[in-house]
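Q: I am attaching a structure below and will ask some questions about it afterwards.
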Amino acid sequence: MNPHAKLISTLSLLLGTTITISSNHWMMAWTGLEINTLAIIPLISKSHHPRAIEAAIKYFLVQATASALLLFSSMSNAWATGQWDITQLTHPTSCLLLTIAIAMKLGLVPFHFWFPEVLQGSSMITALLLSTAMKFPPTTILFLTSHSLDPMLLTALAVASTALGGWMGLNQTQIRKVLAFSSIAHMGWMAIIIAYDPNLTLMTFYLYVMMTTTVFLAFNTTKALMLTTMMISWTKTPMLNATLMLTLLSLAGLPPLTGFLPKWLIIQELTKQEMTTVATIMAMLSLLGLFFYLRLAYYSTITLPPNTTNHMKQWHTGKMASTPIAILTSMTIMLLPLSPMILTTL
């Protein structure tokens, strides 16, 4: 890809995100989302592979539909109340339309269908952007309008997302698709608590971004795209693969790793809201996710391939894993003891 085009796309991504997260007016928020969508499309389709082109078209159509719904929601609210302020969303139909639009942008069930396909057609770094940076502006809009949205609808979407993200991830052999369903399940955990404790949703999102970034960068370093290539990637960077296992278990939410903190706090908050049944269901559904994370961890660290492997073994690449991966991995594994300090920032 042309360096100038890449620079323009990256700067546009930053600009679009900044406009959306700092705006109070619906039109500015919509403008930022549109800039974001148009900026990421060249990054998705840069390889010119038919699958990448297909992913870019799918992404564009879904995001265009979601943006149109968001614009229609804000206009109908302005028509009914005379307010263009994001926090003044009071019209019931507008609230419903906005929930659908944000669910499409975040990839919540039943609007998840585009996300695994788009991630599978993208490179690892673009998939990382789609899973983290592109979800920040819609999450911000959800945060600003959380007091207006229907908690029961959000709970239904969240439980469905966690269930489907867990079930569909079980049978995948492509790493990007596994991470896509992992992302759908994590979005369910964020959506369920947004109406009761929006700050907790933001903290969950930040920790999710940190853990997902670590996993994507690790896979990008080892160039592993399938479970079968993971089995032979230990010969390249053994130390990175060992820490990758802990990162995956952190993403699954096992104590005493960082990923346990948001799940623990969300279940605690749901219990306070007398939603014990929902909290139990969410905890049970997270076991599905734990299974495929354990599967990935098993393939990356514990399994050795049989003697007759179809892939050529690659020995040490000569270069060490980068400093950002080392820092992110340390944070992903060891932030739980700092949870009192993290909680004071909420």
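Along the chain as shown, the residues are counted starting at 1.
Every residue gets a Cβ built from N, Cα and C, even glycine.
Features from TrEMBL:
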SIGNAL    1-23  signal peptide
DOMAIN    23-288  domain 'NADH:quinone oxidoreductase/Mrp antiporter transmembrane'
TRANSMEM  56-76  transmembrane segment
TRANSMEM  96-115  transmembrane segment
TRANSMEM  152-171  transmembrane segment
TRANSMEM  178-196  transmembrane segment
TRANSMEM  202-219  transmembrane segment
TRANSMEM  239-258  transmembrane segment
TRANSMEM  278-299  transmembrane segment
DOMAIN    290-343  domain 'NADH dehydrogenase subunit 2 C-terminal'
TRANSMEM  320-343  transmembrane segment
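Map these features onto the structure and tell me what's around them.
A: Same-chain residues lying 6+ beyond the ends of the signal peptide (1-23) with a Cβ under 8 Å from its Cβ atoms: 29, 31-40, 42-43, 46, 86, 129, 133, 136-137, 140-141.
Sequence-distant contacts of the transmembrane segment (56-76) (same chain, at least 6 residues past either end, Cβ-Cβ under 8 Å): 26-27, 29-30, 33-34, 37, 40-41, 44-45, 84, 89, 91, 93-95, 97-98, 100-102, 104-105, 111, 114, 117-118, 121, 130, 141.
Cβ atoms under 8 Å from those of the transmembrane segment (202-219) belong to residues 124-125, 127-128, 131-132, 135-136, 139, 143, 175, 179, 182-183, 186, 189-190, 193, 225, 240, 243-244, 247-248, 250-251, 258-259, 261-262, 265-266, 321-322, 324-325, 328-329, 331-332, 335, 342, 345-346 of the same chain, restricted to positions at least 6 beyond its ends.
Sequence-distant contacts of the transmembrane segment (239-258) (same chain, at least 6 residues past either end, Cβ-Cβ under 8 Å): 182, 207, 210-212, 214-215, 218-219, 221-222, 233, 264, 286, 289-290, 293-294, 296-297, 300-302, 321, 325, 329, 331-337.
Residues 155, 158-159, 162-163, 165-167, 169-170, 172, 175, 178, 181-182, 185, 188-189, 192, 227, 230-231, 244-245, 248-249, 251-254, 263, 266-267, 270-271 of the same chain lie 6 or more positions beyond the ends of the transmembrane segment (278-299) yet place their CB under 8 Å from a CB of it.
Tertiary neighbourhood of the transmembrane segment (320-343): same-chain residues 203, 207, 210-211, 213-214, 217-218, 221, 237, 239-240, 243, 246-247, 250-251, 255-261, 265, selected by CB-CB distance under 8 Å and a gap of 6+ residues from either end.
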Q: What parts of the chain pack near the transmembrane segment (96-115), using Cβ distances under 8 Å and only residues at least 6 beyond its ends?
A: 33, 58-59, 62-63, 65-67, 69-70, 72-74, 76, 89, 130, 135, 138-139, 141-142, 145, 149-150, 153-154, 157-158, 160-161, 163-165, 180, 183-184, 187-188, 191
